[in-house]
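What follows is one structure encoded as structure tokens, with my remarks underneath.
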Amino acid sequence: MRRLSAMWPCFGRALRRLHQRHSKVIAKAVCAHSSSRAFTDRCYDGLYPGHISTTPIQKALLAVGSGVAALQDPYRHDMVAVLGETTGHLALINLRNRMRNDPEGYTILIERPRIRLSTLDLSKMASLPDGSFGKEYLRFLEDNHVTPDSRVDVKFVDDEELAYVMQRYREVHDLLHTLLGMPTNMLGEVAVKWFEAAQTGLPMCALGAVLGPLRLNTRRLQKLVTSLGPWALKNGRQARCVLSIFYERRWEQSLEDLRQELNIEPPPLMLSASNKSSS
Amino acid sequence: MRVRPVKMAASVRQWARRVIRLSHTNITGASGGLSVRFDRCSAGSYCRCFGDAAEGKQTHFGFETVPEAEKAKRVYKVFENVAQKYDVMNDAMSLGIHRLWKDKLLHVMCPQPGARLLDVAGGTGDIAFRFLEYIRFQQERQRRRETRAVETPSWQELSTNYSTEDEDGPRESKAVVCDINKEMLKVGKQKADSMGLVSGLSWVVGDAEELPFDDEQFDIYTIAFGIRNVTRIDQALQEARRVLKPGGRFMCLEFSKVTNPVLASLYDAYSFQMIPILGEVIAGDWKSYQYLVESIRKFPDQERFKEMIEDAGFYCVQYHNLTGGVVALHSGFKL
């Protein structure tokens with residue numbers, strides 16, 4: 001009986017501490033958010049525009065939730081993006097170090113180029129000869145009806161430089177399609193994911209590489225397993241870090257030349273964008 | 001020249017009174033000409049930060065401070081973004097309990113057939129649908145009682161019943177759903193069509209601070225989980241009083257202060273940790289749900305809101321706490 005009565009003050013103190021901690025969290029949120037600056041779209045809290053700071057528990061919940069949502073509906077690119085951000089911390093550090101050790105990669109980290117329609121000179125690229133990297137990239141965008149502006153912004157990476165690395169990885173994805181000669185249908189995407197998984201080590205890519213083939217029909221699965229897959233893995237391992245290339249300054253370079261420089265073999269199978277039926 | 005001591009004492013007294021008045025100025029009171037700046041609005045108490053006349057009045061948008069003119073625009077954008085997933089998110093965030101809260105509102109309201117309802121910020125129509133179903137249920141029950149009461153009607157009585165049914169029937173109940181956001185109304189209309197609820201329901205775009213209705217039109221005014229998004233709550237309350245008939249009832253469902261400290265801690269943790277994540281995963285929008293959670297903390301507590309309703313001229317103002325104070329149901333009458 002005496003022990004019980006001694007417990008209650010301790011319990012009360014613990015409750016009070018918990019309540020104080022929560023009030024501090026909320027008070028901190030109040031201090032962080034309340035500002036008398038006029039709101040514009042450009043002003044932001046956090047380390048970079050669009051950054052949302054999250055606790056480790058929140059990141060874990062986001063990873064699980066976004067994983068489930070992405071599996072249910074693979075067209076939810078924002079969920080794939082969130083999965084990549086919440087699970088890719090170590091892989092991003094690894095990528096950033098590889099970029100730092102490469103002279104061209106280091107330049108990219110300093111200059112921070114962004115691949116957007118507004119930064120591309122489309123008319124100049126269209127006037128380039130066939131077989132040049134810029135021309136082939138433009139052809140890829142037209143054939144597959146995609147645009148470089150559809151990439152989701154990074155939100156949950158808690159380091160400004162790593163957030164840029166993540167953003168660069170997303171923007172380079174389309175260029176990878178061009179380099180590897182893969183269209184944006186399911187088989188092409190899975191092949192690119194296998195390459196990316198081998199190159200970057202991002203868990204999201206690995207997950208996509210494992211679960212993507214489940215949505216392929218037998219004929220395509222056979223193509224993947226017998227020729228495309230092994231080629232993608234081998235080249236992913238042996239190729240130079242694809243994030244370390246300053247693509248914006250290499251539009252005039254021939255595609256074959258660029259592939260050789262990056263140590264990427266041409267694809268064993270030619271897939272056309274017209275193979276865009278659902279698997 | 002020496003100033004007379006009496007005059008000096010009077011001026012000193014005047015100065016002292018001004019100082020005391022300034023120091024006691026309640027920031028919630030309207031005071032023309034005073035510019036009082038507060039850097040931090042304490043969470044939990046309704047406060048309006050007055051800026052200089054040049055900047056315009058400031059108010060809160062979640063935990064941010066924004067000019068008043070800005071708030072309405074930003075709230076509009078939030079609900080435009082969340083409209084499609086609004087109902088799904090409500091179920092996910094409250095684990096379906098929001099349905100019980102709305103059922104309780106109807107239960108307390110106990111509308112009679114023939115009543116006219118105005119549901120402000122009614123968006124996706126949850127309250128209006130419940131209202132119509134409740135009325136229909138009451139009418140069915142009444143009709144069944146009437147037929148049971150008349151044991152063996154003669155042919156004469158039956159024929160008179162049939163002929164007078166259409167002409168002299170009870171007044172048709174009507175529900176008007178009013179919302180400032182067209183996207184929310186669109187979703188509500190689609191729901192109504194799929195449920196087959198067409199008659200007795202209308203959808204109107206309107207601002208709670210300036211309702212597009214004449215005076216004394218409605219028997220019941222409801223606003224469920226909408227009043228905390230209104231920029232000037234006192235104005236919305238005055239409009240509510242204007243459009244209600246004498247004897248009409250004002251009812252408001254809104255998130256409020258949890259009294260139990262254990263529940264409050266759990267509720268805060270759930271709100272700030274879990275709800276934005278649900279928003280991101282289900283609706284792809286973290287920031288809107290962050291705003292929603294923050295706006296709950298900025299809304300006045302039960303007693304303070306009751307005072308505001310009384311200030312607007314309502315009588316017999318009461319509130320019921322639901323789910324330990326997570327939601328409060330306020331009710332007042334226009335007499």
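Glycine is treated like the rest: Cβ placed from N, Cα and C.
Note: TrEMBL annotation is automatic and uncurated.
Per TrEMBL, S-adenosyl-L-methionine is bound by B:Thr124, B:Asp207, B:Ala208; the candidate from B:Asp91, B:Asp103, B:Asp179, B:Asp193 named for the same site is B:Asp179.
Most Cβ neighbours within 10 Å among the binding-site residues B:Asp179, B:Asp207, B:Ala208: this distinction goes to B:Asp179. Taken residue by residue with DSSP, B:Asp207 (S-adenosyl-L-methionine binding site) is part of a strand.
In sequence order, B:Ala83, B:Tyr86, B:Asp87, B:Met184, B:Val187, B:Gly188, B:Lys191 constitute the residues six or more apart from B:Thr124 (S-adenosyl-L-methionine binding site) in its chain with CB-CB distances below 8 Å. According to DSSP, B:Asp179 (S-adenosyl-L-methionine binding site) sits within a strand segment.
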